[in-house]
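As recorded in TrEMBL:
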- A:198: active site, proton acceptor (ACT_SITE)
- A:60, A:170, A:221: Zn(2+) 1 binding site (BINDING)
- A:170, A:199, A:309: Zn(2+) 2 binding site (BINDING)
């Protein structure tokens, strides 16, 4: 399955090649033009009977992860995080390091040896290391180098009632949706852009937009979902199984009101469930996209994902299906001057 | 010079939060259309009025948006929860009236809090006087934005109102458009969108215009109230020529030109060295290969409140400085 392949691939910001290769392989027979730009974005164009307004649909390929910063004499690896990772979740997680895909674990002192005050405090990054089973610096150096990337090791599994658990659903779910959309026989021509380095500051989106010069853009995301009972209703950003989340505002964009209403209208007309993303926290590629050159209109449509930026993000298949339906409906209805 | 209170009053009373600048744009368009040669609205909604000239392109930017509150949730009893659009303070918001585009009025209050020092927007709500969710959604949807509702007041010396930031900058630009007799420069007056959320309209309009020189017009803080943080700017001391804020060190050429023109024309002025905040000039000066940029500031007390206060004399001085500056032929 495509989402399984995408989430299990390695693509920490700045090292998206494996994900990019999968994407290119998947879409190359369905698009009319394809290029990898200087910074590593995939920019593809799929012709259609209609192509105005000039539409760009984007998803970022990268995920949060790690870079090896040092190897000590005993062969243990020091590392730093790439993108926003809660350091408290790192201990005892399996990881995969470097091009040779060396398995490792993030270790720490066992509970028996911890003093009482140590048990009360979360371990900080500088107290953690990756153990790849090497006995010395030399042995470790045969397998990996300083500067190598590492990812969480986490299998894609389906569980519960219609749920998926995987790493990097933020934002392989967006990549998967965009690939599926490219394969669909849509009448509307559009640019499909898979960006790099979103997690470290929306880096790839600016250059891609500079090239494409879209009039409107749809940014696909896997977004924050925190729907546990202890959260006040109004502070829940999105909920699982309530449909695609349409963004209102975040740290980087005040989403165009008319385009948002247009999309809501399409969802309602086609009986597709939707929800609003009710928080203004976070940001995404839209922040760069809508401010590039003379400016353009953007919207963000997301699949709600619990526990993002961890090895165990969770989403519902029905949210994926409904997001896909909404995207197809938008592509079949959109016309110049609609909003 | 008399102060055009009528125009100022109209400008501050128009509903137009960031992202929804339609009403103020229409109003300004109507005000300036007989005085400019071309008018354009760009993709993000900036209004660009051009007074053609053979000389250098000069961009004048004043932002038309105002801070506001966006509804994020409506509960079963019909209370609205919200997030901020721009710099909304919980302390200033508590007990304020707000108004939505469709005229719906509400009041802001908060859940009981033990320590008022820890008051946060997420613990506050808007009460629009309905009894349940069904009644609320007839008037308001998630995503709707409201703004503070407060009147315009004045005396001989000052005006005070919500959103002098930056309708008073728009006022200065509009008055300048009307007063400029002749200019060799190619003037682009831009009424920008979304300044309050990150100088966004200025960034894209500056890219489009590609000016040789730019001037932003915005309010600045003052240090003339009891026990205020030390800051040399005060009301009634003239227009303020910006030296720096957190978004820019103004270009010496532009800054010195402003000083020179103020001196030549006996326009009262003061120098503004602001250690926080930013204006559209911050985005403009970094556009393309860089734009020499300065800013004319209107000293304003209590910025981002419902009672922002500015001096009529300072506002008129700002208009005078801008007019004289734009009438002078800018060579390089």
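Note: Cβ is positioned from N, Cα and C throughout, glycine not excepted.
Features recorded in TrEMBL, as mapped to the structure shown.
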residue: A:60; record: Zn(2+) 1 binding site; Cβ neighbours (10 Å): 32
residue: A:170; record: Zn(2+) 1 binding site; Cβ neighbours (10 Å): 28
residue: A:198; record: active site, proton acceptor; Cβ neighbours (10 Å): 28
residue: A:199; record: Zn(2+) 2 binding site; Cβ neighbours (10 Å): 23
residue: A:221; record: Zn(2+) 1 binding site; Cβ neighbours (10 Å): 30
residue: A:309; record: Zn(2+) 2 binding site; Cβ neighbours (10 Å): 22
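Cα to Cα, the residue listed as 'active site, proton acceptor' and residue A:60 (Zn(2+) 1 binding site) are separated by 6 Å. Apart from A:170, A:199, A:309, the residues listed for Zn(2+) 2, the same chain places the Cβ atoms of A:63, A:64, A:83, A:84, A:168, A:171, A:308 within 8 Å of the centroid of those Cβ atoms. Separation of the C-alpha atoms of residue A:170 (Zn(2+) 1 binding site) and residue A:309 (Zn(2+) 2 binding site): 7 Å, rounded to the nearest whole number. Of the recorded residues, residue A:60 (Zn(2+) 1 binding site) and residue A:199 (Zn(2+) 2 binding site) place their C-alpha atoms 9 Å from one another. Those residues of the chain, other than A:60, A:170, A:221, with a C-beta within 8 angstroms of the mean position of the Zn(2+) 1 site C-beta atoms are A:59, A:171, A:173, A:174, A:198, A:220, A:222, A:223, A:284, A:302. Between the CA atoms of residue A:309 (Zn(2+) 2 binding site) and residue A:221 (Zn(2+) 1 binding site) there is a gap of 13 Å. With respect to their backbone Cα atoms, residue A:221 (Zn(2+) 1 binding site) and residue A:199 (Zn(2+) 2 binding site) stand 12 Å from each other.
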